[in-house]
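K.L.:
Checked Swiss-Prot, it gives:
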| type | residues | note |
| --- | --- | --- |
| ACT_SITE | 175 | active site, nucleophile |
| BINDING | 62, 63, 64, 65, 66, 86, 139, 172, 217, 245, 268, 297, 318, 319 | FMN binding site |
| BINDING | 66, 111, 112, 113, 114, 115, 172, 177, 246, 247 | substrate binding site |
């Protein structure tokens with residue numbers, strides 16, 4: 001397959017520049033006959049989850065296509081679902097560059113992007129143009145300059161604007177790169193947010209005559225007690241699913257490696273075992289009461305199977321996709 005050669009060339013570039021270059025090419029072909037250049041035939045392996053039918057259990061995690069610019073081209077590669085975003089109500093530039101770093105030996109990435117995106121209105125226009133026939137998730141967050149205590153308003157604004165176009169909505173309260181965001185995972189703040197989100201979901205269901213499930217994305221750095229409290233809150237508020245996990249602040253597996261001391265969230269292979277353990281513990285706590293979407297360090301069929309064995313109904317990839325390319329999609333879907 002050609003990807004090892006493509007990767008070698010892309011890895012000569014700064015990581016964010018490589019991302020921008022790749023998306024520039026994908027934007028050119030998305031929605032055109034040239035999508036055939038990236039199209040892969042993968043077997044149909046339907047999974048029912050959150051009331052939706054996924055063509056196969058493998059999805060693209062949020063963060064790669066923040067603005068929904070390349071939905072069709074990414075869909076042509078064989079993903080059963082694509083999660084775009086994280087998107088915020090207003091455009092924002094994110095954190096200062098450089099803000100994305102490779103840990104090549106560990107096949108990991110550290111990012112402190114900071115929800116850089118062109119805003120929810122722009123994303124909706126891109127979604128309207130797409131023809132992807134898989135499940136489209138839209139991941140939403142709060143603007144950096146919105147005080148945490150008013151953060152729920154940003155989620156509600158995004159929900160209102162995307163509801164008609166989303167297969168499911170992912171609530172990102174676990175990025176380590178927006179100050180204070182992770183505090184929304186705890187106690188009263190979480191209950192307050194989930195109450196508001198559930199009320200808004202009910203209102204929008206009545207308005208649009210369709211039910212769009214809500215999944216909450218959690219961090220891998222939760223203690224046992226915190227994880228139990230989060231699981232309890234999700235069940236009490238009738239949330240439809242949980243995405244486990246986001247990136248980690250833990251650097252124990254990458255000590256001494258180039259870029260290991262960079263601030264931000266670590267993803268890729270170093271996150272693999274940690275996220276799988278969170279899924280296992282979460283699954284025991286939830287006991288089948290809501291489904292888990294497993295993400296974190298999946299870079300092989302074995303890693304995907306481990307997530308499912310731990311309790312995930314669906315899995316997503318991001319860093320593994322960067323390091324292994326489109327062949328990883330076909331490999332996982334075929335053999336999972």
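Every residue gets a Cβ built from N, Cα and C, even glycine.
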K.L.:
Compute the C-alpha separation of residue 246 (substrate binding site) from residue 175 (active site, nucleophile), stating it in Å without decimals.
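P.N.:
Each residue's Cα considered, residue 246 (substrate binding site) and residue 175 (active site, nucleophile) end up 7 Å apart.
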K.L.:
Which of these recorded positions is closest to residue 114 (substrate binding site) if you go by CA atoms: 64, 139, 175, 217, 268?
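P.N.:
For residue 114 (substrate binding site), the spatially nearest of the recorded positions is 175.
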K.L.:
Given the binding-site residues 66, 112, 139, which one's Cα is the least distant from that of residue 175 (active site, nucleophile)?
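P.N.:
Of the binding-site residues 66, 112, 139, 112 has its Cα closest to that of residue 175 (active site, nucleophile).
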K.L.:
Can you give me the same-chain residues 6 or more apart in sequence from residue 62 (FMN binding site) with a CB-CB distance under 8 Å?
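P.N.:
Once residues fewer than 6 apart are set aside, residue 62 (FMN binding site) is near 83, 84, 85, 86, 137, 139, 170, 172, 217, 318.
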K.L.:
With an 8 Å cut-off on Cβ-Cβ distance and a minimum sequence separation of at least 6, pull the same-chain contacts of residue 66 (FMN binding site), or say none.
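P.N.:
Non-local contacts for residue 66 (FMN binding site): 84, 85, 86, 87, 115, 116, 117.
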K.L.:
For the recorded substrate site formed by 66, 111, 112, 113, 114, 115, 172, 177, 246, 247, name the remaining residues of the chain with Cβ within 8 Å of the site's Cβ center, in chain order.
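P.N.:
Result: 63, 86, 94, 175, 176, 178, 264, 265.
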K.L.:
Work out how many Å separate residue 268 (FMN binding site) and residue 112 (substrate binding site) at their Cα atoms, rounded off.
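P.N.:
Spelling it out, the Cα of residue 268 (FMN binding site) and the Cα of residue 112 (substrate binding site) are 15 Å apart.
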K.L.:
Have a look at the binding-site residues (114, 268) and report the one with the fewest Cβ neighbours inside 10 Å.
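P.N.:
Comparing Cβ neighbour counts within 10 Å for the binding-site residues 114, 268 gives 114.
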K.L.:
Are there any residues at least 6 positions away along the chain from residue 112 (substrate binding site) with a Cβ closer than 8 Å to its Cβ? List them or say none.
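P.N.:
Non-local contacts for residue 112 (substrate binding site): 95, 99, 100, 176, 177, 262, 263, 264, 265.
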K.L.:
Show which residues of the chain containing residue 64 (FMN binding site), separated from it by at least 6 in sequence, have their CB under 8 Å from its CB.
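P.N.:
Residues satisfying the criterion: 74, 318, 321.
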K.L.:
Give the number of CB atoms, excluding that of residue 217 (FMN binding site) itself, located within 10 Å of its CB.
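P.N.:
Result for residue 217 (FMN binding site): 25 neighbouring Cβ atoms inside 10 Å.
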K.L.:
Suppose we draw a 10 Å sphere around the Cβ of residue 318 (FMN binding site). How many other Cβ atoms does it contain, all chains included?
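P.N.:
The answer is 22.
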K.L.:
Given that the record lists 66, 111, 112, 113, 114, 115, 172, 177, 246, 247 as binding substrate, what is the largest C-alpha to C-alpha distance among them, in Å?
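P.N.:
It comes out at 16 Å between the most distant Cα atoms.
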